[in-house]
Amino acid sequence: MAENKNQDLKNLGEFGLIDHLTKDIEIKNDSTITGVGDDAAVLDYNNKQTVVTTDLLLQGIHFDLVYTPLKHLGYKAVVVNISDIYAMNATPKQIIVSIGISSRMSLEAVDQLYDGIKLACEKYNIDLVGGDTTTSLTGLTISITAIGEANKDDIVYRNGAKPNDLICITGDLGAAYMGLQLLEREKRVHDKNNAVQPDLSGYDYILERQLKPEARKDIIEFLKEIDVKPTSMIDLSDGLSSDIMQICKNSKTGCRIYENKIPIDHATSLMAEELNMNPTVAALNGGEDFELLFTISLQDYEKFSKETELKIYTIGHITEESKGKYLVTNGDQEIELQAQGWNNE
Ligand code: ADP
Ligand code: MG
């Protein structure tokens, strides 16, 4: 059975596979002049600026196929890319997807990966306009490049934060990391005893945060609606500690963030307790939350009083560079933030 499936992929060949994967793609954006099918895609952004980012995902380094469904992997691969475009206060419009596939992979498996990629394209209104397809000897490799647009004056960089600006984040932190810890634990249990099936019931929230994250398109739209341009912004991919430090480094400032202001979901706290971990450490160092962290001037604060379903949390403020970068703990201690994160043990 498995061999037959592999045979499908071999019989199709590179061109057959590309055709199979891309034949049902319909262009959604005016800026896409030509998508898949020629030597290169052709885009037209008129007088807007173009924002480009890329990510490379390697099996065994960035994902583990033992517990990552391929459809989720495809979806997440797109989301992590376009999250970077939103973090520039821009709108993603096109992606380019390059894959290295091992000969052991079935056509069905590649289809699942693309189902996830296409689902994300639907949800975020993005055109898949090209890519490259090759055989890999070292497992599955996925490289996605995302292209977006913004008016020149709307782009938000990491270097614009000023002392007294408020530091905001757009959702709870640490859940994706705790989801990963759970998946790794169940994998170890399964490795020891194949008869034991993983028990993942009741852990839906943290698993979803790890396996199917979303990019914060809604936040970018809301900021436009209330006419707020953050002074700086970054997406939370590496953990709060290292990401706020990036803002401070680029803006030449310090910061104070408050432990009791960092939103942590109940499910994250429960899992942390189960694993004997500090949930604040998961929020600071875990990463993969894909929330946005941005700074706003005090004058803009009142604009956030507009009614919205969205949750935006103020967790601290920017200071002069000489004041350093600190976390104020629940016990009122000031602990210096570290790029590798902070640890109170
Ligand atoms: P070239 O030989 O010029 O690199 P390819 O045969 O690799 O062209 O690709 C043909 C077309 O299919 C191009 O438009 C390319 O962007 C697109 N393409 C190739 N691989 C993929 C893929 N994995 N996903 C989406 N589009 C792809
Ligand atoms: Mg090619």
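Just so it is clear, glycine is given a Cβ too, placed from its N, Cα and C backbone atoms.
Heads up, TrEMBL stuff is auto-annotated, nobody curated it.
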Asp39, Asp235 bind Mg(2+) 3 per TrEMBL; candidate in Asp84, Asp172, Asp191, Asp199 listed for that same site: Asp84
Residue from Asp132, Arg158, Asp235, Ser237 whose C-alpha is spatially nearest that of Asp39 (Mg(2+) 4 binding site), among the binding-site residues: Asp132
Of the binding-site residues listed as Thr53, Gly131, Arg158, Ser237, the one whose CA lies nearest the CA of His62 (substrate binding site): Ser237
Asp55 (Mg(2+) 1 binding site): tally of other CB atoms within 10 A of its CB: 17
The one of His62, Arg158 whose CB sees the fewest other CB atoms within 10 Å, among these binding-site residues: His62
Beyond the site residues Thr54, Asp55, Asp132: chain residues whose C-beta lies within 8 Å of the centroid, for Mg(2+) 1: Leu56, Asn81, Ile96, Val97, Ser98, Ile142, Ser143, Ile144, Thr145
Asp84 (Mg(2+) 4 binding site) versus binding-site residues Thr54, Arg158, Asp235, Ser237, Asp238 - nearest by Cα: Asp235
Secondary structure tally of the domain 'PurM-like N-terminal' (37-149) (DSSP, helix then strand then coil): 35 helix, 44 strand, 34 coil
